[in-house]
Amino acid sequence: MELSAAVTVALLSSLLLSAVRSAEDFNDTSNLRQKSHVAGLCAQLIEPSGFPCSEHNTQTKDGFVLGLQRVSSSSGNLRRQKGPPVLLIHGLFMAGDAWFLDTPNQSLGFILANRGFDVWVGNVRGTRWCHGHVSLSEKDKEFWEWSWQEYALYDLQEMIRYVYTVTNLRVFVIGYSQGTIISLAAFTEPDIVQMVGAAALLCPITYLNHITARLPLRLVKMHLAQVFLAMGIHELNFKSDWGTRIMDMMCNGHVDCGDLLTPITGKNCCFNSSRIDFYLEYEPHPSSTKNLNHLFQMIRKGTFAMYDYGFWKNLKHYGQLKPPNFDLSRIPSSLPLWMGYGGNDALADVTDLQHTLKELQSKPDLLYLDNYGHLDFLLSTRAKEDVYDKMIAFFDSLGTLSSY
């Protein structure tokens, strides 16, 4: 359904008010985070479904404390899982819970565990399953001074290193949406990719200059992220009181919140909108305004590059006037890649994916589903049959399970 002007204004107001609330009232944010940490992701979502799960922490080189979870099959033992380690990397405004929001027969995290894989769940900085910073408070501007660039070069690097060290095996990475951005950027770094055995990418993104998603394009045109930064708003937390109240008001009789997703993600064929209330118990997670601005830069400039600070600050950060590009040709041709993408995806556009494929040395295995939108690859009621079984067949073709 087409968004009316009034609904769009209300949504933008929700974004602004929730961000302002986040900037002004840190006590609410802290309380929300403390509540989420009373019981971790294992205890809240994974173990109640009957799957053994353990919590892990590791620290990035720049001092962020990341949370990871390790999941075994419902009939297994965490120390005796036979398959290779698989690290799941979530999308924007999500965290590791995104892989477990449907039934064990539908959620990729549970499916992989029951198929014998040693499942590790990644959570990037700022999300509610992570544990802050060794010296910075969430009240500090510096705490939020990062974008997906730091996700790739610090967070993902450290999560891969941690899993590799614990298991002594090369890690299989599965990324969704923003998780594919940071994965492909990280794979251009030799010290990271040498610890990776293969990667499966759902809704793969490096370039964003052909997106058709109406709402993000409108926000880019408004320079909303730059406005927030100029206002001193560095954290985007849509779980704040104001944001929650306005979204509740919009969704109670004014807007079908299942359809509200269409202008953001594209039309989703098989998304179970009846479960939105449950999904919203966990999503969205906080991110930084700088991260959103970095993504908007990609849309404007058509580049897959580091954060653009402007000419003079770029000289300070990078020693050059323009931010360096992430060179996809540096990803080794020996790294097996699998990609799943959809014809209705308004964010991971097919034209942009073709641009990505031309720059890679290797030819990934591809799965194209004409009727799938962006959310379908994560939350479709048919994702197991349409997507996950084929992804697992790709891993099986590498001899992964038979060799363990």
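Heads up, the Cβ atoms here are built off N, Cα and C, so glycines get one too.
Automatic, uncurated: that is what TrEMBL annotation is.
Look at TrEMBL and you will find S177 tagged as active site, nucleophile. Summarising the annotation, TrEMBL assigns active site, charge relay system to D345, H374. Residues annotated as domain 'Partial AB-hydrolase lipase' in TrEMBL: 43-101. Positions annotated as signal peptide by TrEMBL: 1-22.
Within 10 Å of the C-beta of H374 (active site, charge relay system) there are 29 other C-beta atoms, taking all protein chains into account.
Here the Cβ of D345 (active site, charge relay system) has 28 other Cβ atoms within 10 Å, regardless of which shown protein chain they belong to. Mean model confidence for the domain 'Partial AB-hydrolase lipase' (43-101) is a pLDDT of 92. Within 10 Å of the C-beta of the residue listed as 'active site, nucleophile' there are 26 other C-beta atoms, taking all protein chains into account. A straight line from the CA of D345 (active site, charge relay system) to the CA of S177 (active site, nucleophile) spans 11 Å. Across the structure, H374 (active site, charge relay system) and S177 (active site, nucleophile) place their CA atoms 8 angstrom apart.
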